[in-house]
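Here is the structure we will look at, set down as C-alpha cells.
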Amino acid sequence: MNLAHTTVLLWAWGSLQAFEIVEKENIFQRTPCPAFLMFDNAAYLTDMSFELPCPCKPEEVSAVVWYYQKHLGSSHTKVLTDFDGRVLTEAAQVRVGSDMLVRFSIRMFSLLVFRAQPEDSGLYFCGTRKGDYFYAYDVDIQSSEGMVATFKDQGQEPLEDEYHGSLRVFTTFWEWTPCDRCGVRGEQWRIGLCYLQSPDLSPRYRKILPNVVSCGSRAVPRQLRAKASDHNPELLVRSCLMPCEKKKKVQEGVMAIFNYVSKVGSRPWLPQVPIQFHQQRLGHGLIISCPGARPEHAVAWDKDHQYLYRTQYLKGVNGSMRVFIDHGNHLHIRFTQLEDRGIYYCWRQGERIAGFRLGVTSPGRYPVSFSDPETRAALGLILIGYMLITVIFISIHLCRCCCYLFRFCPNFSPRLSRPQL
C-alpha cells in the first residue's frame, strides 16, 4: 500500500513539473537595431493595405512613435501617432481619399496603413517620442491608373524588359490569386509592379536583390526615375476551373418545418447569400464594392446568371464601356439604365458571399444638393460652356474693333452692280 501511495505522489509531482510557465521569447532581445539606419524597400498597389513591423527597439522603450517624411532630410515630418502609441483605426471606417492620418493604425508596435494612395509614398521611421529612430522603410505606392492588362487566353504576353544603358526596367509579379469562382469557369490573376536594376542606386537603401529596387524608391536618382516613369504596373489574367467545397446539408427537421410553413404550394425564394436592396435613379452612376474584399483578393461579379469576366468588363478594355470592373475590384455602372435592374452577385476568394438587388427608378423631382457630385459636375460643365461663349464673343468684338481702328479690315459688304441701259 505504501508503494502505491509513493507511486501516485511521484506521478503527481512529475505532472506539476510539466506545467511550468515558459516565457515567450522577446523578439526585440534577439533582433539588434542596425548601427547605421538603413531603409527597407517595399512596393504596393493603390488601395492596398499593408503593415510595417518595428522589429527592433531598446528594452527600456515601452511605446514606439512612427514618423513620415516625403524625402530624406525633409524639414516637414509627420507624426503618425500620439506619443503613447495608442492610435487605433478600424479598416471598415476608412474610405477612398481619406487623409493619411485617418488611414493608419498602431498595433503591437507595427504601423498599419489602410487603402494606401500614391501620395503615401515616402520614408517611414519607427522611433521614440524624442525623435530617435530604430528602423526605417522606403515605401513605394504605385498608381493603378495606367495599369496594363494582359490576357493569357488571348495569346498576349507581359511587357518586355526595358534597357537604358546600365539601367534595366522590368515587372515583378506576385503569386497567382485563387480562382475567383467555383463550379464554373473562373479567372485568376497576378499583380506585377515596376522594378529597376542599376548600379547607380543609393547605398543607404536595402535592396531585395543586388542593385534592385521598386521604380518609385527614394534610392533611385531623379534622372533614372524619369526613364522608368513609362513602365506601368501590370495585371496578368488567365482562366481557371475550381470545384466548390461541399457545404453541410440542412438538417431534415429544419427542412420539414420549412416545408410546413411554405404549405403545399411553391416555396418562397430563399437566397443562398445575404442580399442587399438598393434603388438608383435613372441616368445616375453607381459603384458597388464587395464586402471585405481588397485589391489583392480574387473578386468576381455576376449579374443574375451572366458572368462578368474581366476579359470583357475590365476597365480599359473598351473606351466606351458603361459597366466595368476597376483594378480595385469595384463594379462601376455609369448612367444607370432600366436594363441594369437585377441581382449582382459578388465572389471573393472563390466563394459567393453577397448579392445586391438593384432597382432603377425614374428621375422624378428631387431636391438639388451641391454635395451631390453629379450636380457639381453638371454645374461645372454649364459654367465652362458660358465661359467659352463669353471668350468667343469678346474675341470677335476685339477683332472687329482692331480692324476698324487700324483700317485694314476687308470689306465683306456686297457690291451693287448698276443696271445697264
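Yeah, the Cβs are placed from backbone N, Cα and C, and that goes for glycine too.
As the structure is a computational prediction, the values presented were derived from the model and not from experiment.
Taken from Swiss-Prot, the feature disulfide bond applies to C290-C346. Summarising the annotation, Swiss-Prot assigns domain 'Ig-like V-type' to 268-362. Feature annotation from Swiss-Prot assigns N-linked glycosylation site to N318; the stated evidence is sequence analysis. Among the features that Swiss-Prot reports, signal peptide is placed at 1-18, with the record citing sequence analysis.
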(request) Determine how many residues of the domain 'Ig-like V-type' (268-362) DSSP places in helix, in strand and in coil. (result) 7 helix, 43 strand, 45 coil
(request) Quick one: give me the count of other CB atoms within 10 A of the CB of C346 (disulfide bond). (result) 23
(message) Considering every residue in the domain 'Ig-like V-type' (268-362), what is the mean pLDDT value?
(response) 87
